[in-house]
Every structure is written in C-alpha cells, then in structure tokens.
C-alpha cells in the first residue's frame, strides 16, 4: 500500500488556517475603511481620512490589482508599505518633519498615519503666492527651506522617488515654513549620487511644469541644497548629467 502523500500549499499560497485568519483580518480592515472619507484615488493606493484610536489620521491602502498574480501582489504591496513606513521613521529620526506612523496593517497593506491638520501643500502655497504677488521673489525663503530639508534627507541616503510640491506640506502657522514630507511609496535607500541626482531632476521637472516662471525659485532651492548638504557636489554633478541625458532624449524624440 502506497504511503499517502502530504499535501502542501501551492507556491505563494498561505496554509488554510493562516489564509482564513488573513481573510478575516482583511475583511475587518475593509469594513473599517468603508466608514472613512476617501480623499484620493491613485493607481496604486487609496487615501482615506478619519479617526484612529481617537486621533486624526490618514490611512493609505494599497489595494490589490486584478492583473497581478495574488502572491506577487501580496509581496509587492507589503514591501512598498514597509518601505514607506521605514522611510517616515527614518525621516523623523533625522529631525525631518514627516507624519507619525500609528499602525501598519500588513494583512491589508494599510498604513495609518498622523493627519497634518490645517496644512496646505507647497503646490497650493506657491500658486497662491504667485497669484497675489505676481512675482516669485516672495518664495525665496520657501526655496531655501526646501533645500535644507531635502539636503538633510539625502544626507541620510534616503531617496524619495516622487518629489513634487504636492508631496510637501506646510503646517500652520504657514509663515513659519515648517515643511512636512509625505508620500514615500516609491522611496528607497541609496548612497549613490546618481540616485540623488535623479531625485532632484524629478523635482525640477515637476516644479517647473507645475509652477511656470519660477526658474529663479528653483535656482534658490539648488543653492540652498548645495550649502546645506555635506554630499552636494557629486549629487549636483549627476543632476547636470541627468539633465543632459533628458535633453538628448527630447531631441531624439
């Protein structure tokens, strides 16, 4: 009589008890999120606003995509959620303002964070200033502050991955220019000047396309970054190289 073969879960699948517990946890998370205010729907995540344990919170949920294998989806979502939580913690340890992480729900790939109440995006602040003052001169102090913050971030070898003025907040009182960095979903750790240069190039492209006629503001930012970072020289050299590659691609089409 042949011995019975032990059955094992298919690659990437959870054993039955674990799968049931995971499904139950996801269901609880789904019920909780359904009672919150949806404030943003992106390609990779939904952002909700609500209360978590009595505190104003923002919840970022990386939802599954139907076109990916479930096991790959679970690994990718978990990895990006962990990366973002670690980046926020790394910022705060370095003295860079970022939301407090309240809780990480690995079952549903949800990140529960502090809501920066009363804040405005740097994008909205710049647009408002340009509308009222009709000149970028009033933004020089803001540019200097952004340069200092991003220099410190890069000196910690943290690459944001999606630097835009929408991913920077100003918390009240606005005139104090207290910048809070958010949305580290594409962040990673790297000491390479190339990666930091690309990070700055992404910001430059987003900045100048979103805020026309602010070239002098971005120049002030780079000057501040240069004087604030201990590693600025090779990074800015790489930024120039990345710009050149970008121009060549534009000419080729």
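From the backbone N, Cα and C atoms, a Cβ is placed for every residue, glycine too.
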Open item on the list: Quick test of your reading of Swiss-Prot: among 42-59, 60-77, 78-95, where does it put motif 'Nuclear localization signal'?
Closed with: 78-95
Task: Record-annotated phosphoserine (source Swiss-Prot) among candidates 34, 97, 190 - done: 34
TODO: Can you dig through Swiss-Prot and tell me which residue of 8, 135 is labelled phosphothreonine?
DONE: 135
- [ ] Count the Cβ atoms, other than its own, that fall within 10 Å of the Cβ of residue 45 (ATP binding site), considering every protein chain shown.
- [x] 21
Open item on the list: Taking only the residues in the domain 'Protein kinase' (33-253), give me the average pLDDT of this model.
Closed with: 93
- [ ] Inside 10 Å of the Cβ of residue 47 (ATP binding site), count up the other Cβ atoms and send me the figure.
- [x] 19
- [ ] Please state whether DSSP places residue 47 (ATP binding site) in a helix, a strand or coil.
- [x] strand
TODO: Give the number of CB atoms, excluding that of residue 34 (phosphoserine) itself, located within 10 Å of its CB.
DONE: 9
- [ ] Identify, among the binding-site residues 39, 43, the residue whose Cβ has the fewest other Cβ atoms within 10 Å in this structure.
- [x] 43
